[in-house]
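Residues annotated as transmembrane segment in TrEMBL: 16-34, 40-67, 138-163, 169-189. Annotation source TrEMBL lists domain 'VTT' at 34-157.
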Amino acid sequence: MDLALDILRTTVESPWVYLLVFVIAGMDSLFPIVPSETVLITAAAYAAAGIPSPLGLLLAAMVGALIGDFAAHLVGRGGGSLVQRWTRSSRAKRLLAHTEEIFARRGGVVLIAGRFIPGGRSATTLSSGILKYPRTRFLIFDALGCLAWAIYSIGVGLLGGVLFEDQPLLGVGLGIGIALAITGVAELTRRLLARRKARADQDPAAHRDPADWTAAAVDVA
């Protein structure tokens, strides 16, 4: 993470910053340890002063994320040795059976919202491939999710940059703090839905909320 941010700081006023954002956004689904949001928010905070271009960052992040997500989808669809071993376990079979039902009913929502859930993008993209979710539908909905994610991340970064125009590092800190707070709320919501689902499983007569797809999709990861 520190290396990525160091490279960003040295390239933020050059065209190379767009390539950096593109590459890191693309790596995020397959290698989720790469801090794509942090890098994008940081670049956007500097963009509040006019350089780099927010539109350029948006295009680089969206296209990179879409390519990375599709690569993860293809990994799941191809069923490599690790995927095959995992899918043979009884726990994986139960999770995939439930996830398949969820994708059949609301796959587009899963793909879009998964971008904003901690661990969600890797889980949903890989699961969509394992379940052979149609490629065209995947690309359409994932593109919408990547666009929404890029707009959100850049918007948060720009807000921090505008509020602390003369102190960009404070703007970066504010932007990342806002993003972490929103992510924390999303994670808390996911956990509450998971508990609600667990109670519903124990009581067959209980109402099953359709929104419990979040817990299942993320749990697949």
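Placement of Cβ uses the backbone N, Cα and C atoms for every residue, glycine included.
Tertiary proximity for the transmembrane segment (16-34) is limited to same-chain residues at least six positions away from its ends with a CB under 8 Å from its CB atoms, namely 4, 7-8, 40, 43, 52, 56-57, 59-65, 67-69, 71-72, 75, 119, 121-122, 125-126, 150. DSSP labels the residues of the domain 'VTT' (34-157) in these numbers: 103 helix, 0 strand, 21 coil.
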